[in-house]
Amino acid sequence: SAAAAGPGTAAPGGGAAAEGSVSPWDIALCATGTAVAGENALVLAVLFYTPSLRAPMFLLIGSLALADLLAGLGLVANFAVRYLLRPPSEAAELAAAGLLLAAFSASVCSLLAITVDRYLSLYNALTYHSERTLGFTCAMVLLMWLLCLGVGLLPLLGWNCLRDQSSCSILRPVTKDNAAVLAVTFLLLFALMMQLYLQICKIAFRHAQQIAVQHQFIATAQATSTRKGLSTLSLILGTFALCWIPFAIYSLVADSSYPAVYTYSLALPATCNSLINPIIYAFRNPDIQKSLWLACCGCIPSTFSSRPRTSSDV
């Protein structure tokens with residue numbers, strides 16, 4: 001039915017949305033996109049107006065927030081193109097799809113870049129701050145964004161199924177072949193992230209043991225810090241996997257003939273990952289927390305922890 005159409009301007013299989021018929025799933029995606037855009041705009045505002053947050057790590061967090069902000073705006077734009085634009089426009093549909101592709105690609109790549117940055121900060125702890133300059137990080141982030149923008153342009157350059165509905169994937173106008181390539185690439189990136197975080201765990205454990213041997217009196221505190229770091233890693237990988245893996249696997253096996261409700265029920269958690277990212281990567285950061293407290297009430301709570309982060313905090 002038209003009300004159960006997939007997350008595109010037209011329903012999977014080519015049927016356009018019925019006049020006046022709005023899918024509750026599309027409303028949920030639009031509402032999620034609005035929340036995602038607002039939350040990540042707050043992160044970008046804090047980073048922009050706080051001069052002390054200019055380290056490479058915060059640049060990567062800003063890249064992630066920008067990607068998720070654009071993803072949220074893309075979800076809202078997709079809803080507008082689907083239901084508000086009359087008559088329907090193929091160019092607008094392709095542009096909205098391209099924005100979503102570029103934004104979510106940049107979000108995943110930014111998560112990978114943060115993972116690599118955390119790994120290098122532990123692996124090359126002594127030389128990290130001298131080698132990892134802001135200029136080098138800016139160049140890498142710019143290169144990453146150019147690559148993701150290239151991915152977003154693919155639908156506009158003809159890599160779409162508007163002329164051949166039988167080749168559509170679960171997310172029209174992306175073709176089945178392109179969706180499969182994107183899904184496989186995502187799974188490979190996730191495998192790389194998991195491998196890097198396993199290496200981070202090993203390095204963090206080794207550092208914790210070395211500190212405990214040298215300073216027996218802080219062994220208990222170090223063990224607590226290590227457990228906190230492991231819980232953080234579990235939260236990062238667990239959230240990312242739960243949000244994206246089911247959708248990626250479904251993209252490999254399904255096509256536009258599958259019931260749209262399956263696509264919606266898996267796409268919504270994937271978009272919610274952009275709602276969770278600021279909580280994990282930004283709002284849990286002590287420096288960003290301080291900036292938020294100063295912006296909101298002009299002070300920092302006396303109970304705020306000033307303990308410096310260690311390698312075991314990951």
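Backbone N, Cα and C atoms are what each Cβ position is placed from, and that goes for glycine too.
Just so it is clear, the model here is predicted, and its values are computed rather than measured.
What TrEMBL says about this one:
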type     : residues : note
TRANSMEM : 25-50    : transmembrane segment
DOMAIN   : 39-281   : domain 'G-protein coupled receptors family 1 profile'
TRANSMEM : 57-85    : transmembrane segment
TRANSMEM : 91-114   : transmembrane segment
TRANSMEM : 134-159  : transmembrane segment
TRANSMEM : 179-198  : transmembrane segment
TRANSMEM : 230-249  : transmembrane segment
TRANSMEM : 261-283  : transmembrane segment
The transmembrane segment (261-283) and the transmembrane segment (25-50): do they have three or more Cβ pairs under 8 Å, with pairs 6 or more apart in sequence?
-> yes
Which of 57-85, 91-114, 179-198 contacts the transmembrane segment (134-159) most, counting Cβ pairs under 8 Å | 91-114
Excluding the flanking five residues on each side, which residues at least 6 beyond the ends of the transmembrane segment (179-198) place their CB within less than 8 Å of a CB in that stretch?
-> 101, 105, 108-109, 111-112, 115-116, 118-119, 151, 169-171, 233, 236-237, 240-241, 244-245, 248-249, 251-252
Could you tell me what the rest of the chain brings near the transmembrane segment (57-85), counting residues at least six beyond its ends with Cβ under 8 Å?
-> 5, 7-10, 17, 22, 26-27, 29-30, 32-41, 43-44, 47, 92-93, 95-97, 99-100, 102-104, 106-107, 109-111, 113-114, 117, 121, 134, 137-138, 141, 144-145, 148, 271, 274-275, 277-278, 281-282, 285, 287-288
Intrachain neighbours beyond the transmembrane segment (91-114), with Cβ under 8 angstroms and 6 or more residues off its ends | 8-10, 57, 60-61, 63-64, 66-68, 70-71, 73-75, 77-78, 81, 85, 140-141, 144-145, 147-149, 151-156, 160, 162, 171, 173-174, 182, 186, 189, 192-193, 240, 244, 270, 273-274, 277, 281
Whole-number mean pLDDT, the domain 'G-protein coupled receptors family 1 profile' (39-281), equals 86
